[in-house]
Amino acid sequence: MVDAATLEKLEAGFSKLAASDSKSLLKKYLTREVFDALKNKKTSFGSTLLDSIQSGVENLHSGVGIYAPDAEAYVVFADLFDPIIEDYHNGFKKTDKHPPKNWGDVETLGNLDPAGEFVVSTRVRCGRSMEGYPFNPCLTEAQYKEMEEKVSSTLSGLEGELKGTFFPLTGMSKETQQQLIDDHFLFKEGDRFLQAANACRFWPSGRGIYHNENKTFLVWCNEEDHLRLISMQMGGDLKQVYKRLVRGVNDIAKRIPFSHNERLGFLTFCPTNLGTTVRASVHIKLPKLAADKAKLEEVASKYHLQVRGTRGEHTEAEGGVYDISNKRRMGLTEYEAVKEMYDGIAELIKIEKSL
C-alpha cells in the first residue's frame, strides 16, 4: 500500500494541477477517475504515482509533465502513460506495437552537404536503460556507483575508432572539467524539470562521460537516462555519423542488457524518447529560409522535423543556424527515423539553393 504521507502529497498535487491553467499532457489526461485508479499502486521498485507526476505538478508549464521512475511504471500506471504516449507520438495507440530494432542499410545514407555550404555539424544520439535498475529517482547511491563501474569497464573494452577514456564526474580535476566544457561535452546537474522529478540525487555520484580519441563518439552515464550514446562530427556526412553510432550501440549491447518492452521499444525516463530513442540532428545554415519561417515550418512538418534554435530547446537561431532533427521516435524503425531526417534536410537544402 501507498503510505499516508505520499497519498496526502498526491491529493495536494492533484488539486494544484486541477486548479491550474497548465497546458501539459499530464493535466489533460490525469482525470479524477484515472488518479483514483492509480494513487494506491506501486511498482516492485517501490515507485508510486507521485514519482511519475511530481515534476509536472511542480512545473505547471511543462509540455509533458510526466516521467517514468522505473521500467515497470509504464505498465503499472498505463492508464496515464498510454494516452500521453498516444498524444505525443502521433496516435501511437494502446494496441500498437513498436517495430523490432532495425538499423537498416547504413550504406544507403550519404553526405547531405559534400560542399560544406549549409551543414555545420551532424549528430545522432540514442538513449538506453540498463536492465534490472530503476530510473533516476529510485536509484540508491550504491546503485549509481555500481552502474558507473559496469559502464566504465564495458567502455574500456571498445576498440578501433571507438577506443577512448571514461571521465567520472566525481573527483574530476578542474582542467578536465574545463576541457569537457570547451568541447561542449560536459552535462550539468539537471534543469528544474529533472530536479523536481528527483533525477539528480547523489550528484555527481555514478555520473560520467566517455569519449573516443577523435571526440566523435560520446557516452553520458546517468545524466537523464542511464546511458546516452552520441555520435557526431563537423560537416554533413550522416552516413559516417550513423555508422559509428550503430557500431557503438551494438558493441555495448553485447555486454550490457538494455530495458526493452515488446510494445514500447527501448525504455527511457521520459516518455517522449521511447521507441527508437533516436534523435538525428544537424546544425544547418539556412539564411534565406530563415527569412521565410512559414516555408521552413511547412517543409519541417511534411518530413516530421523539429526546428530549434542554435543551442537547442527554447533558444534563438544565431546567425541563421538552426538545430533540426527528426521528431518521430515511436512506431517506426531506427533507420526510418534517421532517413526521415535525411530526406527532410535534403529537401530544405534544395529549397535554400533555389531561393
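Cβ atoms are placed via backbone N, Cα and C, with glycine included.
Keep in mind that this is a model prediction, so the values were computed, not measured.
Noted in Swiss-Prot for the protein shown:
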type: BINDING; residues: GLY63, VAL64, GLY65, ILE66, TYR67, GLU224, CYS270, GLU313; note: substrate binding site
type: BINDING; residues: 121-125, HIS184, ARG228, 279-283, 308-313; note: ATP binding site
type: DOMAIN; residues: 6-90; note: domain 'Phosphagen kinase N-terminal'
type: DOMAIN; residues: 118-355; note: domain 'Phosphagen kinase C-terminal'
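Annotated features taken from Swiss-Prot, shown on the structure.
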residue : record                 : Cβ within 10 Å
GLY63   : substrate binding site : 14
VAL64   : substrate binding site : 18
GLY65   : substrate binding site : 28
ILE66   : substrate binding site : 28
TYR67   : substrate binding site : 28
SER121  : ATP binding site       : 16
GLU224  : substrate binding site : 22
ARG228  : ATP binding site       : 22
SER281  : ATP binding site       : 22
ARG308  : ATP binding site       : 17
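Confidence annotation: the domain 'Phosphagen kinase N-terminal' (6-90) carries a mean pLDDT of 97 in the model. Break the domain 'Phosphagen kinase N-terminal' (6-90) down by DSSP state and the numbers are 51 helix, 0 strand, 34 coil. For the pair VAL64 (substrate binding site) and ARG228 (ATP binding site), the Cα-Cα distance reads 21 Å. Across the fold, the C-alpha of ILE66 (substrate binding site) and the C-alpha of ARG228 (ATP binding site) stand 20 Å from each other. Listed in sequence order, the binding-site residues from SER121, VAL124, ARG228, SER281, ARG308 having a Cα within 10 Å of the Cα of GLY63 (substrate binding site) amount to none. The binding-site residues in question are VAL124, CYS270, and the one with the fewest Cβ neighbours inside 10 Å is CYS270. Distance between Cα atoms for GLY65 (substrate binding site) and ARG228 (ATP binding site): 21 Å, as a whole number. For TYR67 (substrate binding site), the nearest neighbour among the binding-site residues SER121, ARG228, SER281, judged by Cα separation, is ARG228.
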